[in-house]
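Visitor: Starting off with a structure, shown below.
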Protein chains: 2
Amino acid sequence: MRLPIGFRVGAIKAGIKPSGRLDLGLILSGRPAAWAFVATTSRAAAPSVRRGRELYAAETPLQAVVVNAGNANCATGPRGQEDDRRMARAVAARYGLPEHAVLTASTGVIGVRLPVERIEQAVPTLQPGFDLLPFAEAILTTDTRTKTAEATLPGGARVVGVAKGSGMIHPNMATMLAYLLTDAELPQEELRQTWPSVVDRTFNQISVDGDTSTNDMAVLLANGGAGPVDPEEFWPAVERVARDLARQIARDGEGATRLITVRVQGAATPQEARNAARAVASSALWKAAVYGNDPNWGRVLGALGYSGATFDPLRVRITLQGVPLYDGEPLPFDSRMTSQAMRREEVVVEVDLREGPAEAEAWGCDLTEGYVRINAEYTT
Amino acid sequence: MRLPIGFRVGAIKAGIKPSGRLDLGLILSGRPAAWAFVATTSRAAAPSVRRGRELYAAETPLQAVVVNAGNANCATGPRGQEDDRRMARAVAARYGLPEHAVLTASTGVIGVRLPVERIEQAVPTLQPGFDLLPFAEAILTTDTRTKTAEATLPGGARVVGVAKGSGMIHPNMATMLAYLLTDAELPQEELRQTWPSVVDRTFNQISVDGDTSTNDMAVLLANGGAGPVDPEEFWPAVERVARDLARQIARDGEGATRLITVRVQGAATPQEARNAARAVASSALWKAAVYGNDPNWGRVLGALGYSGATFDPLRVRITLQGVPLYDGEPLPFDSRMTSQAMRREEVVVEVDLREGPAEAEAWGCDLTEGYVRINAEYTT
């Protein structure tokens, strides 16, 4: 996957993950990059998120992002803030950058002090290059696969994305890190104005278990190396990459065996469409039904019912894998064949609320015994 | 369990549950009873809930409640509304009551037509008496035990409660039915004013899986048979009974092996206290950790973070089974002994937000492989 002009990435084993795998990743931009940033809304946000917010408010450009996986450096007291700054300083010193040009991120266990000395030792030996894969691996925690996506604009500018997800993925940025790099040239102001709405339609529409994390962020970096672009070409490309990553994250939820895609149309407002789609994608009951290949559409209706979206149960329509199941009242359907149709990599639920013009998608995964096993023994 | 004066209850096998168990329950009051009613906020509320709301708005007294389990009669189209009325009419005809004096309730599978003819046939043969247990059994679905509780006021008036719960229990009345019967005499107006706040602190503070159901209600019936009472004695007794039932419901969540109790103090407002306690009791990650006896307090902090409650992570305090784990920063603790201390019927998390004077409790259960198994194959 060819990186956008001017970017280099790298990764190294710093000794943070007990497994001994790659656990420290670095993104570098040869020139200062404009950036846009959406982060967790949690009150218990980690020092890296708090620091990111401060940098963002200062409106200075970025030249590096350093990410460690294995330790979230969250709920680590005042010490955690200092450790987070030391992580930034190590990169700034190595590459002769101002400290405020380095964004930090951490993911992993909460409440254990970050072994920042290991990061300080590792940074000088890290060799950034043009292969995204080691970085994509280094930022993983309980993920089972790397997540990357790309798009090329007609003029040649590139958008390359890399993300990690797995457990706790939920609207408002759960344990999720996503970085989209582009050599397109756009005003910082436009990036900041549009990126949050892209995130609302993509990363904030995925759910693994309903928990929202303390460390998450979705960042778009544009260093301008390929010159100006047409925003009408640029933003759809960015959204395609973000949507692709979001789907990969949902599919790789802890213990998941299936991707659940929920498409809602006919909602009164875009917000209601998003809420309705997300409620279905997040419903523990529906997620368990998908795991069991059970076409129990009553659980879809139940989730729509508490989603806050306006609709009349006597008018709503529900389709599963293309099979109409409910249209104001239960429709006759072959439950064995429908159950059979659910045995696919992707299970698609389509809902028409018949209230208005708005539509949205959301993604989730099935709830499995594997999820419970993974999460019943994490720290001990 | 001695019923309050003037109440009779009964149950019969109407042939709705495939298991052939008791599935139709009836509560009768010899005299018209004042009542208070809180029901699901779902937009896909079942006909029984919609009808209950209409009766409630009419402010006429109740003399009977008829409940079937096995079929929620929800999402059954216009036909479902008619079937629900027929259920009420059968009871009204049998006991010579006005139709509007009969409240209906249904619980079970969604989207399958209610076999109301079986109910019509069963009602005349149902023999109400003074044993609450058959009724308590008849209203169960995936519950594993009956749920009853009682209190006696100093003057002799009684409060007797019966409930069903299990899957989908969540704030705002998930698949939960609760009936509190009392012979105390209170103005209808006072009942209606105070009952919702009792429900907010009890039944709305339990969570099994985060889904909210289409059929739930919590009803308080006061027939006045024992004469007037002191409200200052009456309401605490009602709350004790409601709290006792709420805890039983949480403990008996689908697949649950443990009751999780969360006590929050130091919140800025009662609403924030309730939200914070409920967020922890509902967290899939924390629930899975409890199942695995993993004292992973980071997940408690994570849940507090997205609960919407105001707090400073550098000041909050978290205690688990009496062991202080976090106090603005991680505390040293013996994780093996703490894990051992979690191997109890009840796991208690105490949180001090140190923001204000408000406190609240919430209850949940652990998330187990059994939950997934139960819910992966329900209809098929």
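Even glycines carry a Cβ here, placed using N, Cα and C.
Predicted automatically and left uncurated, TrEMBL annotations should be read as such.
According to TrEMBL, the record shows the following:
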ACT_SITE  A:Thr175  active site, nucleophile
BINDING   A:Thr141, A:Lys164, A:Thr175, A:Glu254, A:Asn375, A:Thr380  substrate binding site
Visitor: Counting other Cβ atoms within 10 Å of each residue's Cβ, which of the recorded positions A:Thr141, A:Lys164, A:Thr175, A:Glu254, A:Asn375 comes out lowest?
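Guide: Comparing Cβ neighbour counts within 10 Å for the recorded positions A:Thr141, A:Lys164, A:Thr175, A:Glu254, A:Asn375 gives A:Thr141.
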Visitor: Compute the C-alpha separation of A:Glu254 (substrate binding site) from A:Thr175 (active site, nucleophile), stating it in Å without decimals.
Guide: 12
Visitor: Cα-Cα separation of the residue listed as 'active site, nucleophile' and A:Lys164 (substrate binding site), in Å?
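Guide: That separation, Cα to Cα, works out to 8 Å.
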Visitor: Helix, strand or coil at A:Asn375 (substrate binding site), per DSSP?
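Guide: It is helical.
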Visitor: Under 8 Å Cβ-Cβ to chain B, which of the recorded positions A:Thr141, A:Lys164, A:Thr175, A:Glu254?
Guide: none
Visitor: Helix, strand or coil at A:Glu254 (substrate binding site), per DSSP?
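Guide: SS state of A:Glu254 (substrate binding site) = coil.
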Visitor: Using DSSP with the three-state reduction, classify A:Lys164 (substrate binding site) as helix, strand or coil.
Guide: strand
